Amino acid sequence: IIYPGTLWCGNGNIANGTNELGLWKETDACCRTHDMCPDIIEAHGSKHGLTNPADYTRLNCECDEEFRHCLHNSGDAVSAAFVGRTYFTILGTQCFRLDYPIVKCKVKSTILRECKEYEFDTNAPQKYQWFDVLSY
């Protein structure tokens with residue numbers, strides 16, 4: 001399913017090439033960049049010692065953070081907000097990154113209960129781990 005007016009926002013893309021964008025160009029450009037994240041773990045795939053249990057691809061946290069920033073700065077306010085809420089809030093996904101081992105979640109959001117702040121063991125070596133993606 002691709003969001004109307006875009007070619008890149010949704011499951012896969014329907015573009016004829018990497019330079020083609022839909023009607024909502026700024027939102028679509030954000031989705032295209034997100035789709036091209038170089039560090040991903042496919043659905044049910046493994047990488048960096050992690051296995052993705054989800055039915056969709058998960059990305060390095062840096063790519064998700066860039067995606068959020070891009071959507072917030074998009075001139076296509078309505079389509080960007082819809083895509084942002086769908087991906088970050090409704091999907092409730094996780095991203096991964098290299099960091100000190102998580103000891104526990106220090107602060108959870110009130111409604112969706114995603115972890116907003118983690119406590120880390122800074123004496124242990126860093127490793128790849130899953131992190132909650134915050135709501136849009």
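Including glycine, each Cβ sits where the backbone N, Cα and C put it.
Here Swiss-Prot flags HIS34, ASP64 as active site. Taken from Swiss-Prot, the feature Ca(2+) binding site covers TRP8, GLY10, GLY12, ASP35. Per Swiss-Prot, the feature disulfide bond maps to CYS9-CYS31, CYS30-CYS70, CYS37-CYS63, CYS61-CYS95, CYS105-CYS115; the stated evidence is similarity to another entry. Residues or ranges marked as N-linked glycosylation site by Swiss-Prot: ASN16.
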So what sits near TRP8 (Ca(2+) binding site) in its own chain, CB-to-CB under 8 Å and at least six residues off in sequence? ILE2, ALA15, LEU21, GLY22, ASP28, ALA29, CYS31, ARG32, HIS34, ASP35
Take the mean position of the Cβ atoms of TRP8, GLY10, GLY12, ASP35, the recorded Ca(2+) site. Which other residues of that chain put their Cβ within 8 Å of it? ILE2, THR6, LEU7, CYS9, ASN11, ASN13, ILE14, CYS31, ARG32
On a simple 10 Å Cβ count over all chains shown, which one of the disulfide-bonded residues CYS37, CYS63, CYS115 is most densely packed? CYS63
Using C-alpha atoms, which one of the recorded positions GLY12, CYS30, CYS37, CYS70, CYS115 comes nearest to CYS61 (disulfide bond)? CYS37
Under DSSP, is CYS61 (disulfide bond) helix, strand or coil? helix
